[in-house]
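Beneath this line is the structure, given in structure tokens, with notes to follow.
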Amino acid sequence: MDAPLGRVDAYLAGLNLEPARRRELREHVAATAPATHAEALERLYDALAEDGDGQGDEAALAARIEAAYPRLADRRHAVGGGGYRGASMPRLNRWSMSPANMDRRPWRFLGRIMPSVERRRRLPKAVPSRLRNIVRLRQFFLFFLVAFPAAGATFYMLTTLPHQGKSALEIVILALGALLFAWILVGFWTALAGFFVLWRGDKYLISADQSAPPAEDHARTAIVMPIYEEDVPRTFAGLAAIYESLEATGRLDEFDFFVLSDSVKPDTIAAEERVWAETCRSLDAFDRLFYRRRRARVKRKSGNLADFCRRWGGHYRYMIVLDADSLMVGSTLTAMVDRMQANPSAGLIQTPPTAVNRSSFLSRVQQFATRVYGRMFAAGLHYWHLDNAHYWGHNAIIRIAPFMAHCALPRLPGRGALSGEILSHDFVEAALMRRAGWGVYIAYDLPGSYEEVPPTLIDELGRDRRWCQGNIQHLRLLFSDNLAPAHRALFANGVMAYTSAAIWFVFLVLSSTEAMLEALKTPDYFPSPGALFPSWPVWQPIWAVSLFCATLVVLFLPKILGMAMIIARGQQKDFGGVGNLIGSTLIEIVLTSLLAPVRMLSHTLFVFTTLIGKQVKWNSQQRADSQVPWLAALRFHLPGMLLAVAWGAALYIYTPGFFPWLLPILLPLFCAPVITVITSRVDIGVWMRNNGLELIPEEENPPAELRRVIEIERETREADFADIVVDPSLSALHIGLQGSPRRLDPGVASYRDELAQRALNEGPDSLSVREQRDLLADPQRLDWLHRALWTGDALPAWVADRLRGESALTSVTASAV
């Protein structure tokens with residue numbers, strides 16, 4: 001085979017043409033007897049241009065896309081304007097979405113309490129008044145359930161202190177202890193309420209039984225997945241599994257899918273475009289599975305969703321929001337739509353996701369915990385809040401019209417970490433939805449909603465660092481006008497999720513200080529001048545032990561109740577049997593106890609750095625299993641280890657009697673690297689699974705959707721920046737998705753010309769990530785680079801090496817070398 005035609009054969013193989021069409025094009029080129037590679041490829045481009053729309057290079061580009069993805073080309077013809085960029089999304093249907101007014105000044109809030117009652121009367125009363133009265137009664141009852149035991153615990157604590165609260169230090173200790181006990185009591189009563197609801201039933205459950213939607217009323221729903229630098233094969237495998245599951249319900253026509261990308265790394269962009277197109281081709285879904293990448297990442301995830309709503313929200317009644325690791329069963333999605341249809345006062349319905357698909361020790365324990373206790377806590381949240389529930393940002397359905405009218409987020413004024421964009425947007429959007437009169441519910445009874453958890457403690461704490469800043473921002477929103485009291489409480493709850501760690505840390509430090517001061521101070525048994533009898537210090541050890549036991553009950557009884565409910569319902573076989581279920585619960589309790597001090601110290605640091613104004617980058621999180629190296633764990637936890645040694649040494653020297661009480665805190669801090677490495681290990685997790693420990697039903701009898709995710713992910717081909725340059729199909733697809741070329745400043749044009757030439761001569765690795773990104777944004781120079789590469793007398797060395805090796809460009813054969 002002569003070299004020019006060999007190059008043509010390789011190029012045609014990359015276009016994924018039908019064999020007959022491939023032979024026809026090759027024969028057409030061979031008939032002209034090309035003498036060089038350039039001449040052969042130009043003849044091929046001319047032949048392709050005869051099939052494509054437009055003229056010259058534009059027609060050849062269209063023909064390349066049509067050869068690889070004919071259904072995308074069909075959609076481009078059906079849509080009309082906008083080219084392939086327009087074909088990758090529906091027609092625009094623009095709506096306005098203006099930021100909500102959230103006055104955040106507490107002094108104005110206090111002066112508006114009575115007037116705001118009148119303003120609330122003018123808001124739409126979508127939620128029945130009877131339900132509002134029940135919410136008030138339940139929340140009033142919850143307040144007393146928390147306040148009275150917390151007051152009793154504080155009194156018990158008072159009796160254990162040396163001076164019974166007569167010093168300023170002890171007053172602070174008592175105040176912090178009261179806050180901490182109240183905090184854990186909220187979780188305790190939430191779990192008990194959930195246990196009661198699951199055991200006895202709930203007549204206020206949000207359901208589809210209240211009124212059947214009209215048969216002819218097929219509400220259109222958008223399934224929306226905002227992504228940013230995610231694991232591309234897993235992301236699209238999950239979407240494909242959801243698509244197939246919905247198709248099996250017979251109601252696929254009611255749904256469209258949207259992947260809304262904010263990714264900026266060239267390799268990720270290449271992978272997203274290829275896997276999207278290949279997924280659409282395999283599912284025949286170019287008219288239902290859409291992809292868009294924003295050029296500017298404004299307001300992160302919330303801005304991405306708001307941008308979607310403004311441009312395409314008018315096409316749909318509902319929007320189901322997913323994370324990149326979300327997975328939902330088709331029947332669950334249709335049930336969510338049916339419940340919204342049957343409850344016209346509902347603005348948002350949240351499903352409680354179950355953690356799945358991870359294998360490390362830590363993630364398996366967390367999966368077990370969410371499966372055994374998670375539904376109980378979700379039911380408890382529903383019991384106390386009813387139509388004032390949480391929104392966790394994913395695996396939820398939203399009524400688009402009120403969301404657009406009332407839930408656009410303002411920018412917080414000022415400087416520092418608590419200003420700017422609202423980071424933990426989900427709680428705020430739920431509060432705004434409820435403020436507008438729409439109900440926010442948790443459908444705790446809906447199965448088939450899944451997510452994935454971070455595989456290691458370091459990954460978990462990295463995620464918590466981002467969440468901490470977002471939650472503490474809610475301090476500035478507590479006094480916003482007309483918010484429901486329940487959502488003010490949820491804002492406070494979100495703040496306490498991280499500040500409680502700092503409160504606990506300060507409580508322990510002050511308690512240690514008190515103990516050491518008492519040990520160093522000379523006892524004064526005659527505090528009053530002229531006293532005839534000594535005043536002996538009184539300490540009630542039984543009260544201290546009682547308080548300690550009460551704390552253990554509050555912390556661990558919900559876990560025991562969750563396990564007991566599984567046994568009572570005969571579901572223990574799904575968790576490995578009674579013995580393994582009990583053993584798994586004990587492992588979870590022990591591990592949670594060991595991790596609590598480590599999380600406490602990290603969260604305290606997060607709170608401190610946030611309050612002093614240190615910003616944090618919201619990058620994508622690690623989702624795949626990965627073991628933490630020993631050196632990385634030691635480096636991460638070294639400050640905490642040194643603190644534990646110093647703290648423990650001071651206690652042991654000055655007050656050895658108090659030292660054992662702090663040992664459950666200090667020992668995990670010192671052993672944190674060991675705990676981190678061991679809990680990150682996949683082999684331990686696999687061993688536990690094989691022996692029936694930390695087992696969940698989704699592993700014993702995995703749903704078809706979970707199995708399909710693994711199968712599809714295994715078959716998915718990725719891509720990188722070099723593939724966009726080399727691969728005939730992917731290059732054409734990317735250029736087509738960029739839209740029409742923009743007129744450039746001469747200086748910018750010269751700079752990009754230099755980038756393209758350097759990439760040709762030295763390869764993509766010679767460009768920085770920013771330079772690769774600049775080149776990707778220039779369809780004209782990217783097309784020039786692709787053509788120059790293939791029409792050169794000899795392929796550059798980096799291409800030859802790539803084609804000989806194992807790359808994503810499997811369709812281009814080594815005959816081109």
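Every residue, even glycine, has its Cβ placed from backbone N, Cα and C.
Since the structure is predicted, the reported quantities are computational estimates derived from the model, not experimental observations.
Checking the ranges 415-434, 515-534, 575-594, 775-794 against TrEMBL, the transmembrane segment annotation falls on 575-594. In this chain, the transmembrane segment (542-568) lies out of contact with the transmembrane segment (661-679); the count of Cβ pairs under 8 Å, excluding pairs fewer than 6 apart in sequence, is fewer than 3. When each of 490-510, 542-568, 636-655 is checked for Cβ pairs under 8 Å to the transmembrane segment (171-199), 542-568 comes out on top. Long-range Cβ contacts of the transmembrane segment (575-594) within its own chain (Cβ-Cβ under 8 Å, at least 6 residues beyond either end) map to 362, 365, 368-369, 371-372, 556, 559-560, 563, 566-567, 664, 668, 671, 675, 679, 691-697, 700. Long-range contacts of the transmembrane segment (140-159) within the same chain: residues 165, 173-174, 177-178, 181-182, 185-186, 189, 384, 540, 543-544, 546-547, 550-551, each at least 6 residues beyond the stretch ends and with a Cβ under 8 Å from a Cβ of the stretch.
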